[in-house]
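Q: Once you've had a glance at the structure underneath, I'll fire off some questions.
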Protein chains: 2
Amino acid sequence: MVNSELAYPAGVECAHRVPVPPSKPFLETFQANLKEAFFPDDPLRQFKNQPPLKKLLNGLQYFIPILSWAPKYTLDLFKSDLIAGITIASLAIPQGISYAKLANLPPVLGLYSSFVPPLVYAMMGSSKDLAVGTVAVASLLIASMLGKEVSAVQNPGLYLHLAFTATFFAGVFQATLGFLRLGFIVDFLSHATIVGFMGGAATVVCLQQLKGILGLEHFTTSTDLVSVMESVFTQTQKWRWESVVLGCCFLFFLLSTRYFSKLRPRFFWASAAAPLLSVILGSLLVYLTHAENHGVQVIGYLKKGLNPPSVTDLVFSPPHMALALKVGIITGIIALAEGIAVGRSFAMFKNYHIDGNKEMIAFGMMNMAGSLTSCYLTTGPFSRTAVNYNAGCKTAMSNVIMAIAVMITLLFLTPLFHYTPLVVLSSIIISAMLGLIDYEAAIHLWQVDKIDFCVCIGAYLGVVFGSVEIGLVLAVAISLLRVLIFVARPRTTVLGNIPNSMIYRRMDQYPAAQSVPGVFIIQIDAPIYFTNSSYLRERISRWIDEEEDKIKEKGENSLQYVILDMGAVGSIDTSGISMLGEVRKVLERRGLQLVLANPGSEVMKKLDKAKVLEAIGQSWVFLTVGEAVGACSFLLHTCKTRTANGVDADTLANDNNV
Amino acid sequence: MVNSELAYPAGVECAHRVPVPPSKPFLETFQANLKEAFFPDDPLRQFKNQPPLKKLLNGLQYFIPILSWAPKYTLDLFKSDLIAGITIASLAIPQGISYAKLANLPPVLGLYSSFVPPLVYAMMGSSKDLAVGTVAVASLLIASMLGKEVSAVQNPGLYLHLAFTATFFAGVFQATLGFLRLGFIVDFLSHATIVGFMGGAATVVCLQQLKGILGLEHFTTSTDLVSVMESVFTQTQKWRWESVVLGCCFLFFLLSTRYFSKLRPRFFWASAAAPLLSVILGSLLVYLTHAENHGVQVIGYLKKGLNPPSVTDLVFSPPHMALALKVGIITGIIALAEGIAVGRSFAMFKNYHIDGNKEMIAFGMMNMAGSLTSCYLTTGPFSRTAVNYNAGCKTAMSNVIMAIAVMITLLFLTPLFHYTPLVVLSSIIISAMLGLIDYEAAIHLWQVDKIDFCVCIGAYLGVVFGSVEIGLVLAVAISLLRVLIFVARPRTTVLGNIPNSMIYRRMDQYPAAQSVPGVFIIQIDAPIYFTNSSYLRERISRWIDEEEDKIKEKGENSLQYVILDMGAVGSIDTSGISMLGEVRKVLERRGLQLVLANPGSEVMKKLDKAKVLEAIGQSWVFLTVGEAVGACSFLLHTCKTRTANGVDADTLANDNNV
């Protein structure tokens with residue numbers, strides 16, 4: 001033990017003063033706070049002390065990371081990326097078509113969306129593992145939010161254009177958040193919210209697939225459980241057994257390959273290739289048996305050729321622009337939350353760092369570019385990224401390989417999908433969605449934190465029984481309410497002395513901790529703000545009332561000192577400062593002395609400026625609870641023996657401290 | 001020094017273990033948390049261990065405090081209350097009439113509102129100093145919010161009924177908040193918000209009085225500065241000099257008595273009696289000179305008699321009920337905020353306690369009773385309560401005296417107000433409002449806390465240039481944003497050793513604090529939540545990066561241990577727990593050991609349940625930073641000498657701790 005010999009020599013402790021920090025110019029503090037709030041990761045660090053040319057290069061590399069890794073790219077890396085790229089392409093093609101159907105958009109849009117956005121991301125993204133593509137939840141949201149005002153069946157042109165416009169706004173919103181360094185907004189969607197929300201959305205998406213599996217032609221446009229069940233069970237006569245049998249077979253096949261791959265991670269390609277295999281098998285089956293004439297719906301004609309431009313399709317005129325803006329912002333932030341979370345988790349596996357704000361700019365650019373080339377909202381889906389990671393991708397080059405594979409498909413292979421039955425797409429979606437219902441995470445939440453569990457279940461039930469938006473709003477509201485309740489009702493605890501030490505700790509946590517006669521120590525466990533200052537004032541009074549009752553019962557000596565341990569008070573506002581002033585006055589009237597232990601510099605500065613420090617007396621502020629108790633006990637002891645001589649306790653405290 | 005002899009004996013510190021608290025049943029914790037959140041003042045304490053009859057009596061006295069103080073009421077107390085009651089009545093009568101005019105309601109309503117509500121409050125209220133009455137801000141709000149949809153000139157009957165209905169809803173809302181113990185909602189209006197908001201409202205009310213002072217007949221219905229100035233300066237031809245002269249004289253008289261009373265608090269009655277005196281003088285002047293025929297507007301006919309019932313006037317039918325509900329809730333919460341704040345401040349002067357939730361019930365009951373007897377919204381205005389306090393009131397009986405004085409006025413004296421000029425009422429309002437513009441408090445806010453100052457100025461400007469509602473929303477939004485930014489961006493600081501002690505403190509606050517070689521200590525100053533966990537993860541990484549850069553520059557020994565001081569982490573959620581798990585993994589990959597110091601019981605419990613504690617190792621959790629540093633330094637020292645022998649640091653830590 002190195003430091004342990006440095007014990008407290010008796011009587012010296014009070015030499016530790018808590019200084020009032022020198023006041024800094026307002027602008028300087030403001031700038032520092034601003035930097036801490038918006039540039040906590042100090043992104044400009046690498047630009048310091050560099051020549052101008054180097055700065056320019058660094059700046060370019062900062063925004064276009066491919067410039068920094070492409071020069072070092074090797075054949076070995078390429079081999080790994082090639083395998084990963086082909087693997088994710090085989091997943092991307094059927095998934096893309098399925099999700100586009102889910103969004104009520106032409107299926108070929110799913111392929112378009114796997115061509116341009118991955119190329120943009122490969123240049124601008126900083127994740128090495130993220131595989132870009134459309135996602136089920138955002139697709140469903142687009143369908144339900146746009147569908148409320150514009151019918152995809154009656155007015156497909158406008159619907160399509162609004163989808164592009166929403167994508168454009170989502171991109172602008174994402175890039176703006178990144179540029180303004182407001183990435184922390186995404187953090188307000190907690191893990192618990194996302195688990196519940198994703199689970200709910202996956203459930204809802206699966207329910208929607210009953211349409212495809214049962215071969216129904218008419219289906220409710222609502223997404224809630226009640227409407228869907230009603231829609232399903234009022235049409236029992238229209239269920240098509242051919243479709244059901246085909247769907248169940250493929251679902252069984254897909255789920256068993258997933259299970260197999262999970263059991264043996266080496267065979268990751270089995271689950272990755274299964275969807276494409278299903279599509280090929282299903283198409284062959286329909287082609288050979290002409291099942292399309294017997295109630296099995298197929299995709300039909302897919303246009304050959306690359307993405308047509310869609311700049312002129314964007315809608316910037318009144319009646320529908322507001323809708324597109326709203327859809328864009330909501331889907332944009334959800335896509336962002338998923339993409340950033342996925343990127344960060346995989347970056348952590350490989351121990352590299354991802355700058356959330358930079359990623360947002362990349363996502364925004366990719367969606368803006370996408371919206372101009374007939375793509376709809378893309379992000380970094382978890383399932384595809386996991387396959388990419390398992391397939392051994394090394395850089396964002398795997399996205400480029402995927403894009404090339406999709407390009408070849410678009411140029412030459414689209415006719416092959418003519419006979420692909422919709423029921424196979426439904427099976428693919430269901431098997432992907434089941435993986436998103438993360439019941440294990442929900443159990444974990446229940447074990448660790450009941451409130452987080454409530455947030456999660458709230459989001460889940462909101463999505464399943466209400467709508468995707470209701471679930472999201474509900475979950476965010478519960479999460480924020482929790483934070484606000486914590487801020488409004490901080491914990492205060494009584495400290496006691498750990499025997500044979502100068503350490504003071506919470507008496508409810510450490511049963512060995514003992515109270516000190518004549519002294520009462522309260523720890524405040526949170527910043528003091530207007531939201532909690534009147535609560536704290538009342539709670540402190542109640543603590544003292546209760547303590548005095550206890551003392552009376554036991555017939556011990558009465559209280560003389562109340563020590564507030566301010567170590568955990570990270571911040572304070574004027575309401576908090578006046579609360580401390582009031583507590584001092586109330587204590588004074590009860591004949592008690594207020595003592596502060598370990599206040600932070602912000603607290604000291606504000607106490608000083610508000611003249612509350614003067615009222616309390618600088619000599620009643622101590623560096624540690626131990627020293628405060630020491631001084632109080634010393635005074636208690638001396639006063640008992642000296643009171644007759646008229647020595648004032650305050651004078652003693654001053655003598656002792658100066 | 002009592003405790004200081006108990007120094008740390010070398011090598012014993014690690015015997016202080018941080019135990020994982022035993023898990024309690026969920027319901028028990030939930031109940032305890034609920035109690036702490038909603039019953040922090042333990043209102044049922046006095047009912048414990050009492051016989052049933054006593055419990056009943058206590059319960060009655062709890063809700064109707066007059067039962068507890070009336071039996072002990074003495075003649076001496078009555079003498080004081082009589083003087084105070086007459087004093088506030090002389091203020092209440094002119095103010096009541098003025099504020100009713102401000103709300104575009106019949107002037108007699110101001111008198112009605114000073115009769116029934118004070119009687120109800122005297123029975124149910126727990127403040128001894130609060131004087132009940134109408135307030136300018138709520139009156140203005142009623143006028144502006146109701147006036148937007150229903151004109152007081154064209155449809156005075158409906159307007160009046162809606163004002164009663166809004167008062168009824170305000171009362172229901174206030175009582176409900178009290179019963180549900182949601183009083184803390186009022187705390188979300190911070191002191192800074194109220195200062196700015198009140199100042200802005202007072203400015204707006206003064207501006208509105210330009211109508212009366214200038215003798216204008218037509219005036220804008222908007223309250224913002226721009227509209228009012230436009231309205232005033234486009235009608236310069238219609239200004240009446242008689243009115244202006246009269247107004248300025250009375251204003252001068254009122255302000256000088258206020259100033260005089262402020263200078264010599266013994267003459268409090270001068271400022272209290274001045275408004276009534278102005279009314280009498282003004283009325284006499286008009287009566288004698290027949291000025292009402294020369295452009296000086298007068299109140300006119302006031303109905304004689306007590307409050308007529310208004311139960312049947314309440315509007316509970318669709319088109320207008322929603323408006324009344326909205327007005328009721330907004331004015332109700334503002335009235336509540338003012339009343340509770342005023343009650344609490346004066347209770348503190350006299351050192352008695354006020355239960356906010358109980359007061360809310362009293363306010364609610366008083367407004368519900370008022371709405372049924374032709375009164376509009378009342379609360380405890382600051383000015384009247386201050387006069388009551390200065391006049392030496394002892395109990396709520398002074399409200400009863402005031403009510404009796406108003407009753408006599410209503411029964412016999414209303415004809416005397418026929419010739420009272422409106423310009424006098426305007427002067428009374430202006431002189432009362434100028435006292436509400438608390439520029440000194442704004443300066444204090446600037447000195448102590450710049451953000452609170454921004455909140456205050458935001459509220460002020462919002463009210464003056466926008467509307468009362470905009471100002472309020474702006475101020476609450478800025479206040480909440482501040483709390484959320486704090487929650488999203490908690491402070492982290494590096495700790496160092498205070499020389500010659502085992503104390504570790506912030507190095508930016510204590511310049512003497514020294515870093516310990518090979519060990520890096522970070523303090524987290526806030527609860528860890530989903531809103532800040534990813535920020536904290538990145539910030540901790542950046543601290544370590546910067547520290548390692550510094551160490552490299554200096555050529556010192558590399559880092560080995562990172563100690564997180566968790567003393568200020570009052571609470572944590574699952575995102576926070578996983579963040580700690582991730583930090584551990586990242587540090588491990590960099591070859592660093594994560595050490596926790598002084599985690600609270602909630603943190604320990606959740607770390608344990610989430611198995612993160614297992615991953616970190618129970619032996620790497622210490623009671624204090626000092627002990628953690630001691631152990632790390634010891635290991636660093638031993639490893640240097642023993643590494644050759646293949647002794648594992650982890651084993652040593654375990655040996656040392658078990």
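Every residue number used here counts from 1 along the chain in the order it is shown.
From the backbone N, Cα and C atoms, a Cβ is placed for every residue, glycine too.
Note that TrEMBL annotation is computational and uncurated.
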Q: Pick from A:361-383, A:499-521, A:591-613: which range does TrEMBL record as transmembrane segment?
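A: Within the set A:361-383, A:499-521, A:591-613, TrEMBL attaches transmembrane segment to A:361-383.
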Q: Out of A:267-288, A:323-349, A:361-383, what stretch is closest in contact terms to the transmembrane segment (A:457-481), meaning most Cβ pairs under 8 angstroms?
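A: Between the candidates A:267-288, A:323-349, A:361-383, the best contact partner of the transmembrane segment (A:457-481) is A:323-349.
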Q: Pairs of Cβ atoms less than 8 Å apart decide it: which stretch in A:159-180, A:267-288, A:361-383, A:395-413, A:420-437 has the most with the transmembrane segment (A:239-255)?
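A: Of the candidates A:159-180, A:267-288, A:361-383, A:395-413, A:420-437, A:420-437 scores highest.
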Q: Based on Cβ pairs under 8 Å, which of the stretches A:159-180, A:192-210, A:361-383, A:395-413 lies most in contact with the transmembrane segment (A:420-437)?
A: A:192-210
Q: Taking a Cβ cut-off under 8 Å, which residues six or more beyond the ends of the transmembrane segment (A:395-413) line up next to it in the same chain?
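A: Those are 65-66, 69, 73, 77-78, 81-82, 84-86, 88-90, 92-93, 96, 108, 111-112, 114-116, 118-119, 121-123, 125, 127-128, 130-132, 304-307, 388, in sequence order.
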Q: Thinking of Cβ pairs under 8 Å, which stretch from A:159-180, A:192-210, A:267-288, A:361-383 has the most of them with the transmembrane segment (A:323-349)?
A: A:159-180
Q: Cβ under 8 Å to the transmembrane segment (A:159-180), counting only same-chain residues 6 or more beyond its ends: which ones?
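A: Apart from its flanks, the transmembrane segment (A:159-180) reaches 103-106, 142, 146-147, 150-152, 186, 310, 313-316, 320-321, 323-325, 327-329, 331-333, 335-336, 357-372, 374-377.
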Q: With DSSP helix as H/G/I and strand as E/B, how many residues of the domain 'STAS' (A:509-632) fall in helix, strand and coil?
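A: DSSP classes over the domain 'STAS' (A:509-632) add up to 63 helix, 21 strand, 40 coil.
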